[in-house]
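Some notes on the structure that comes next.
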2 protein chains.
Amino acid sequence: MTLDDCRALDAQDKLAALRAQFTLPAGVIYLDGNSLGVLPKAAPARIAEVVAKEWGEGLIRSWNTAGWFDLPQRLGDKVARLIGAAPGEVVCTDSTSINLYKVLFSALSQQLPTNRRVVVSERSNFPTDLYIAESMCRERGFTLKLIEASELPAVLTEEVAVLMLTHVNYRTGAMHDMKAITAAAHAAGVITVWDLAHSAGAVPVALNDCNADYAIGCGYKYLNGGPGAPAFAWVHARHADKFVQPLSGWWGHAAPFEFTPNYRPASGIARYLCGTQPIVALAGLECGLDTMLAAEAHGGMAALRTKSLALTDLFIQLVEERCAGHGLSLVTPREHADRGSQVCLSRGEGAYAIVQALIARGVIGDYRAGDEQMPDILRFGFTPLYLGFEDVWNSVEHLRQVLETAEWQRAEFNAKNAVT
Amino acid sequence: MTLDDCRALDAQDKLAALRAQFTLPAGVIYLDGNSLGVLPKAAPARIAEVVAKEWGEGLIRSWNTAGWFDLPQRLGDKVARLIGAAPGEVVCTDSTSINLYKVLFSALSQQLPTNRRVVVSERSNFPTDLYIAESMCRERGFTLKLIEASELPAVLTEEVAVLMLTHVNYRTGAMHDMKAITAAAHAAGVITVWDLAHSAGAVPVALNDCNADYAIGCGYKYLNGGPGAPAFAWVHARHADKFVQPLSGWWGHAAPFEFTPNYRPASGIARYLCGTQPIVALAGLECGLDTMLAAEAHGGMAALRTKSLALTDLFIQLVEERCAGHGLSLVTPREHADRGSQVCLSRGEGAYAIVQALIARGVIGDYRAGDEQMPDILRFGFTPLYLGFEDVWNSVEHLRQVLETAEWQRAEFNAKNAVT
């Protein structure tokens, strides 16, 4: 595999034209779209329009004339197309953590009539997901049990109420088999809550086909919605009208404009709304969603997935060929079925410094610290909407040079001795 | 009082120059800043910079280089100057309803060791505040008791855990005496939760001087932060480290970047943060806060209050002089100490149609429906940052013409017979 081979792959790539939808800084190879997505070209003008026209001129009238009230549902319908959900099943609102609180509360409420009082999650799940679950379990008389993925499905005993998993692991890039795990959970009487933060827009997701129960996800990673963009929540239709969530604000009321003193939840997913949403941020999110939906004309998520796997395969192959002997280990699963859209490497030492040296060269990935049980991680996200095969070649070439020239050790030395 | 008198008042008004900070649509007299504030002139350029430079070019690096992580606290310090709080005591984050959930949870936790199991609020409080309290009370074994303001402080018995009030009533414009009520509550062993949605930026608030316990408020009304701008939360220093709130996301963790699996709350107000915040929306909020803080050079909230009372006094006087005989009644208290920065009128019939006819003329107030116990309301907000005395004259003149020409009846007829 050579640079010319990579360029040839780019020339044949029917998705390559999608990159033109984005503004990317010169000199940057951006491998951190799993942390913060890039700027859609349409976003500055659309956001400026919302600010100057809808807010500045329309003022309060824009709640109706500009359709502000419908934004969580209208954008939710766009997200639905990316995660195998139906129109009317998704809302875009609040943060991922807050949406997790809502759906986990509802899932636990379903199990209150049973004796099941354990919530199972992975020890390596997003810390913020574990923090939310920890507080709620303590408050509602449940126990949070943290496991390794290898303990599934054996751990799903008759004590387990909810299995709360992130579909693609943020540290390792490992992906769960949502359909098989959901089936195993249901067979054991367990309700599933899926975090799609590293899945929506990254890998095909088929919530209804998997018969999942609850899902939440992030707007600012693969969906390119902008920093801190609102998140989303999905609830299977069979549960949606049966339980309430406790953040019972007026946007989730059956008749918000009657201003009645008693709460009456809206039917369906609308009851997962709470307070007034940041309209300008929702406008940015819509621009990001539209860049994803533009791929539908080119094969959609299936085509993006094929390219994503080709990019991550290539990255793994080139690292193993060209960076051999430098102590890097592959953390992400090699099997396609087990891999998300990122590649994570570990190294006995220097992971942080290597990432910093790469960033100094314009190759932006990130670092996640390990602990006694998990190694330090160099994390590289591959977003097929705007990355090509030459980008992969160049990023590995930078990594090779950083390792071979010991540039990372100098970077580490400088960091340690910096006057801060 | 004549139009010329009003113009003379504007000419003497030292705060009049503050209006130049805003972009106001031509032909509009905006009396709805208590629902959605207007656009600061600085906001479009600042928001464009955040979008194009900080997001588009800085990408993930902007979390550090652009100070995104500190925004909730940095903006919180600006809000603190408007509500009598100290630096480090306020965060700007999430929605008002969600922040109410957090502080109410914490307040109830304080009372768990006691036998107090009643939350008292006003029947005419914001419905969304009542909805949040209703769910939480049910979940945690408390009872929500709705009262009339006249029942205070007698209703504060030994069963009462928390008194949850909105400082300035959204329907009537009536303002509570925060200091006296807080003192009465404390004397009765009751903790106070104040909603400042119609107070912050509208009237002087002195949380620490009043010895209040918890407060939350809105960013998009008098603070001009933009539609759905993040809200704020304040907790008195004596409580801040003693209790936790249940939306325990990573932004409220003591060490969010250690990514440890167990939740350890940050000290102080930072523990009232939850998930990642909408950065573009926070940038808009900062522009709004800066327009308020610009008044500090001209006497600050005290000077704004003096002007606000002069505006609302004038509106009341002119309505009573020039719209007499048309069945309007004043709902807002006449006493300065009891009045916020709005004037509400009621009428036996036609309130909705009159508001619609005014809006068609460019005089934007709003309508709030009544019920068996409360009349329909015509609501007019007076924001001294960008309204003057001539605006008051002109708005009353429009109201007079709408009433005298029966224009509102034609508007009502058209609305009823419209093909929708």
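In case you wondered, yes, glycine gets a Cβ from its N, Cα and C as well.
Going by TrEMBL, these are the annotated features:
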{"type": "BINDING", "residues": "B:THR96, B:SER97, B:PHE126, B:PRO127, B:THR128, B:ASP129, B:THR166, B:ASP195, B:HIS198, B:TYR220, B:TRP250, B:THR276", "note": "pyridoxal 5'-phosphate binding site"}
{"type": "MOD_RES", "residues": "B:LYS221", "note": "N6-(pyridoxal phosphate)lysine"}
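The structure, with features from TrEMBL marked on it.
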| residue | record | Cβ contacts under 8 Å, 6 or more apart |
| --- | --- | --- |
| B:THR96 | pyridoxal 5'-phosphate binding site | B:THR128, B:ASP195, B:ALA197, B:ILE216, B:GLY217, B:CYS218, B:ALA231 |
| B:PHE126 | pyridoxal 5'-phosphate binding site | B:THR166, B:TYR170, B:ASP195, B:ALA197 |
| B:HIS198 | pyridoxal 5'-phosphate binding site | B:ASN34, B:THR166, B:HIS167, B:VAL168, B:ASN169, B:TYR170, B:GLY173, B:LYS221, B:TYR222, B:GLY340, B:SER341, B:GLN342 |
| B:TRP250 | pyridoxal 5'-phosphate binding site | B:PRO256, B:GLY275 |
Cβ under 8 Å to chain A, applied to binding-site residues B:THR96, B:THR128, B:THR166, B:HIS198, B:TRP250: B:THR96, B:THR128, B:TRP250
Max CA-CA distance, Å, over listed pyridoxal 5'-phosphate-binding residues B:THR96, B:SER97, B:PHE126, B:PRO127, B:THR128, B:ASP129, B:THR166, B:ASP195, B:HIS198, B:TYR220, B:TRP250, B:THR276: 30
DSSP three-state assignment (helix, strand or coil) for B:THR96 (pyridoxal 5'-phosphate binding site): helix
Cβ-Cβ neighbours of B:THR128 (pyridoxal 5'-phosphate binding site) (radius 10 Å): 26
Cβ neighbour count within 10 Å of B:LYS221 (N6-(pyridoxal phosphate)lysine): 27
CB contacts for B:THR166 (pyridoxal 5'-phosphate binding site) [other CB atoms within 10 A, all chains]: 26
